[in-house]
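All remarks here apply to the structure that follows.
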Amino acid sequence: MMELQRPAALLTAVILMVVCSTADLSEVRLVDGDGLCSGIPEVLHEEEWRKLSSNYIEYRAVELLCKELNCGDVISATFRSNFRDKHGDQPVIDLDCEGNESALSECKKYRSPIHPDYRNISVIVSCSDSVRLVDGAGRCSGRVEVKSHQSWTSVCEADFDRQDAEVVCRELDCGTPLTLQGALFGEGKHPFGTKEFQCKGTENHLLTCSTSDKEHNCTSGKAVNLTCSGPDDVRLVGGSGRCAGTLEMLHGGEWRGVTADRWSLKEAAVVCRQLGCGSAVKSPMSVSGGDETEWGFHIACKGSESAVKECTMLYSSKIRYPVGVVCSDSVKLADGAVGLSCSEPDEMRLVEGNSRCAGRVEMFYNGQWRKVGADVWNIDKAAMVCRQLDCGSALAATKIKSDGDVPEVGVLISCSDRKMKKCRPMRIRRIEYLAGLICSEFLLQPNISVSTPIRESRSLQGPEVFNGHSFTITCSTQPQYPGGSFHLTLPRTGRSDSQEAVSHSASFLFPTAADSHQGNYSCVYENQVSFQTDAFQDVDQMYSNSWSPGPFIYNFSSESKPLSLIVTDLDGAAAV
């Protein structure tokens with residue numbers, strides 16, 4: 001009986017062994033590299049190894065990949081062009097990481113076809129398989145840990161000097177050492193190593209340094225903490241100094257440009273921070289255009305990164321408009337001034353109209369006002385801009401063809417999310433048609449006043465006129481458009497008197513004041529306005545997305561504040 005049970009027990013043990021071994025297998029790997037910690041990233045998806053999308057590099061995903069492979073920190077993640085791999089035209093995997101994941105499996109995965117433009121592009125990842133900096137303020141600062149026999153160990157503060165630090169910063173592509181300090185980033189959970197490194201400072205890898213012959217115990221009990229200067233892979237060229245100019249990034253040993261498409265001051269802030277140049281003042285675009293034969297990058301940052309390489313990088317086959325950056329340390333204040341406080345500029349405005357609530361749309365983007373393109377423009381977006389400008393509702397979205405034979409450089413905006421309070425820029429591009437709009441608060445509010453004989457009410461309830469005397473109420477408005485008419489609403493009766501506007505005003509004479517004239521008056525100004533535009537879309541065309549040829553004609557009206565008039569006798573008795 002005992003002999004019959006032994007094979008079953010053995011089978012159970014074998015099954016358990018197989019299950020455990022399978023669980024230990026990683027769902028990510030790096031292939032075609034120099035070792036386990038460098039190469040092209042692949043993900044196990046639906047029981048097949050598939051290449052990660054090669055048109056962008058998401059730093060958080062690369063960080064998690066190095067971590068899951070027990071390969072330390074990210075050293076580099078670069079695009080390699082003119083590269084053919086075994087996957088060919090097979091679908092790739094897109095990863096979407098929020099930033100708070102502890103493993104790649106927590107990121108969202110999407111299977112997508114490979115784009116023809118990226119067939120010959122691959123992402124090459126290199127991790128530090130022997131040394132890392134952990135629990136620091138960025139990827140180039142933290143507690144030094146070294147891999148020994150596939151386990152990470154802390155390094156004793158007493159056994160680590162400036163020459164050792166030079167090698168670690170160089171190996172991690174983090175510049176040069178700034179500070180060496182014990183326990184700054186905590187002691188960590190790993191035991192101390194037993195070997196003392198004796199680097200000359202010229203080595204490229206810590207594990208190639210000489211070590212002491214005998215085992216060494218950490219007498220101080222403090223783990224060494226290191227802060228490096230950061231990667232020297234960003235520069236501003238062609239400007240007034242190192243803190244202003246056209247942005248270039250060192251990538252795979254070559255300096256490459258960054259496109260202004262989708263660029264904002266968030267990205268510029270990271271550049272200025274990495275260069276130690278203060279804050280971002282503006283980020284102008286080179287309107288002369290770049291070298292369209294050279295590939296480069298789109299950059300997307302959250303704004304809190306310590307270096308540009310921690311942002312998401314997107315491959316760009318052409319750099320039409322290189323981006324420039326101006327940092328605060330490049331700005332000098334005159335006459336010995338020691339401080340400057342500026343108000344935030346408005347983000348949207350309407351120009352070339354006779355009102356702040358009608359005209360061509362411009363957006364303040366990367367430190368300058370840019371024309372907004374009408375490629376994706378409609379009445380829905382116009383409505384959000386009207387709300388943003390406190391101009392009421394949108395009556396019409398308009399399109400006007402740009403002057404000249406060459407399309408202008410402008411910005412496309414997105415206002416698609418109804419929860420958004422403001423429109424945001426999408427991308428920089430050449431635009432043939434310019435976006436415009438007309439809001440309901442187009443007409444300025446008219447004024448209302450009353451003429452003499454008159455005195456101010458002693459009760460401060462409004463102006464007084466004397467019973468039996470004449471008085472005149474005048475309606476007026478600022479000169480936006482010629483013509484129009486004024487309607488004076490009368491108290492108690494609800495009736496109104498009307499007059500054509502002459503020189504933007506109209507006067508209503510009352511020959512004899514009586515008790516019935518006491519009460520509230522208001523002026524209503526009406527005018528039919530014709531807007532010259534190539535095409536317009538009103539609210540009735542919202543769902544059909546159709547456009548009508550210009551001009552756009554609309555009957556506007558605007559009402560003044562009420563005027564409370566008191567009729568009183570010469571002896572001071574007011575009418576009831």
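Using the three backbone atoms N, Cα and C, a Cβ is placed for every residue, glycine included.
For C311, the partner cysteine in a disulfide bond according to TrEMBL, taken from C301, C327, is C301. Matching TrEMBL disulfide entries to the candidates C66, C97, C169, C174 identifies the partner of C127 as C66. Summary for the disulfide-bonded residues C107, C127, C199, C209, C301: the Cβ-based neighbour count within 10 Å is maximal at C127. The two recorded residues C199 (disulfide bond) and C127 (disulfide bond) have their Cα atoms spaced 21 Å from each other. Counting only same-chain residues six or more apart in sequence, the Cβ atoms lying under 8 angstroms from the Cβ of C66 (disulfide bond) belong to C37, G72, D73, V74, V125, C127, S128. Confidence over the domain 'Ig-like' (446-540), given as mean pLDDT on the 0 to 100 scale, stands at 89. In this structure, C107 (disulfide bond) belongs to neither helix nor strand by DSSP; it is coil. The two recorded residues, C97 (disulfide bond) and C311 (disulfide bond), show a Cα separation of 12 Å. Take the disulfide-bonded residues C97, C311: by the count of other Cβ atoms within 10 Å of each Cβ, the lowest one is C97. Sorting each residue of the domain 'SRCR' (28-128) by its DSSP state yields 16 helix, 46 strand, 39 coil.
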